[in-house]
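As given in TrEMBL:
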BINDING   Asp37, Asp82, Asp216  Mg(2+) 3 binding site
BINDING   Asp37, Asp82  Mg(2+) 4 binding site
BINDING   Asp54, Asp82  Mg(2+) 2 binding site
BINDING   Asp54, Asp130  Mg(2+) 1 binding site
BINDING   His61, Asp265, Trp326  substrate binding site
BINDING   Gly129, Asp130, Arg156, Ser218  ATP binding site
BINDING   Asp219  Mg(2+) 5 binding site
DOMAIN    36-148  domain 'PurM-like N-terminal'
DOMAIN    160-304  domain 'PurM-like C-terminal'
Amino acid sequence: MIQNKPSSQTDLPQEFAFIRQHFSALAGAAALELRDDAAVFTPPEGRELVIAADGMVENVHFLPDDPPETIGRKLLRCNLSDLAAMGSRPEGWLLTFARPPHITEQWVAQFCKGLKADQAQFGLQLLGGDTTSTRGPLVLSLTILGSVLPGQAIRRQGAQAGDGLWVTGTIGDGALGLRALQGEIADPSGYLAQRYRLPQPRIGLPLYGLASAAMDISDGLLQDAGHLARESELHVTIHADAVPLSDAARQTGPKWLETCLTGGDDYEILFAVPAQHEAALLSKGTLDTVCGPVKVTRIGEFTQASTGVTVLDSAGKNLQFRSHGWSHL
């Protein structure tokens, strides 16, 4: 039997009314107005698809009193960071939203407001997803689609002995921002908290032809540098005094260095650069992107030795830390 199209949201089953009210304004043409079982997405001609997914759980990846607008934006930006690490252009995204009873309609409206602002800024559109209820915490999962020219995706594997280790932006702000929101450190300007809530994805970073390997930093600089080294069966040495810190991070004092290097939530890009490209990069100190120039810093080098990470202080002494980063399990 063919059913007549509902005349208003009040005629819709509760779930569909919820989707129509909050998510229809985010949907692109490929989403088919979010009325069908799936989207119909045509990949850009002559490009390969790049697909990634990340989840966020209340009280694990964000605080219950974080503004809903920033939670939506952070969810999207964490996924955009994965695309940035592979040199990919954003195309679209899908969302799974597991809603507990304490999440109000007003909360969802603000959450979607943040998503709408960022999808406009970064040039992508909602393709679809799923909604459900839960008695547990709020659970969010986002799958993102991007595209690259054939053969131009940058992988974690590919660094060579002698390559330099480089990083975008500054390290440690996100981890320190969480500590500030938890009352452990002072953050008079609010800069650190803002960096925790709203990381800056490095979309458009021109890595192809420059970087031999790359990945984004989500679980801590040391841990993710170890992943990069292991994928290429190399050792990486990091010079702690070369790691770029913001003024706000430096003001917290040296006792927070371990948090900066291992705390995670950076969403900067870590990449290996062959020696022949380093002089020009050292001279310029930035890479141009669609969002403006991004500062880049050389923080170490890869060597042919057993896989792992060594961290040296300014005197060349080996620094030891309790942990190298965040564990998901």
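Backbone N, Cα and C atoms are what each Cβ position is placed from, and that goes for glycine too.
Structure coloured by features recorded in TrEMBL.
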residue: Asp37; record: Mg(2+) 3 binding site; CB count, 10 Å: 6
residue: Asp54; record: Mg(2+) 2 binding site; CB count, 10 Å: 19
residue: Asp82; record: Mg(2+) 3 binding site; CB count, 10 Å: 21
residue: Gly129; record: ATP binding site; CB count, 10 Å: 20
residue: Asp130; record: Mg(2+) 1 binding site; CB count, 10 Å: 12
residue: Arg156; record: ATP binding site; CB count, 10 Å: 20
residue: Asp216; record: Mg(2+) 3 binding site; CB count, 10 Å: 26
residue: Ser218; record: ATP binding site; CB count, 10 Å: 22
residue: Asp219; record: Mg(2+) 5 binding site; CB count, 10 Å: 20
residue: Asp265; record: substrate binding site; CB count, 10 Å: 23
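Geometry remark: Gly129 (ATP binding site) versus Asp37 (Mg(2+) 3 binding site), CA distance 10 Å. The distance from the Cα of Asp130 (Mg(2+) 1 binding site) to the Cα of the residue listed as 'Mg(2+) 5 binding site' comes to 27 Å. The number of other CB atoms found within 10 A of the CB of His61 (substrate binding site), across every protein chain shown, is 17. Averaged over the domain 'PurM-like C-terminal' (160-304), the predicted model reaches a pLDDT of 97.
Among the binding-site residues Asp37, His61, Asp82, Asp216, Asp265, the ones whose Cα is located within 10 Å of the Cα of Asp54 (Mg(2+) 2 binding site) are Asp82.
In the three-state DSSP scheme, Asp130 (Mg(2+) 1 binding site) is classed as strand.
Summarising the ATP site geometry, the residues cited as binding it (Gly129, Asp130, Arg156, Ser218) extend over a maximum Cα to Cα distance of 31 Å. In the three-state DSSP scheme, Arg156 (ATP binding site) falls into the coil class. Here the C-alpha separation of Asp216 (Mg(2+) 3 binding site) and His61 (substrate binding site) works out to 17 Å.
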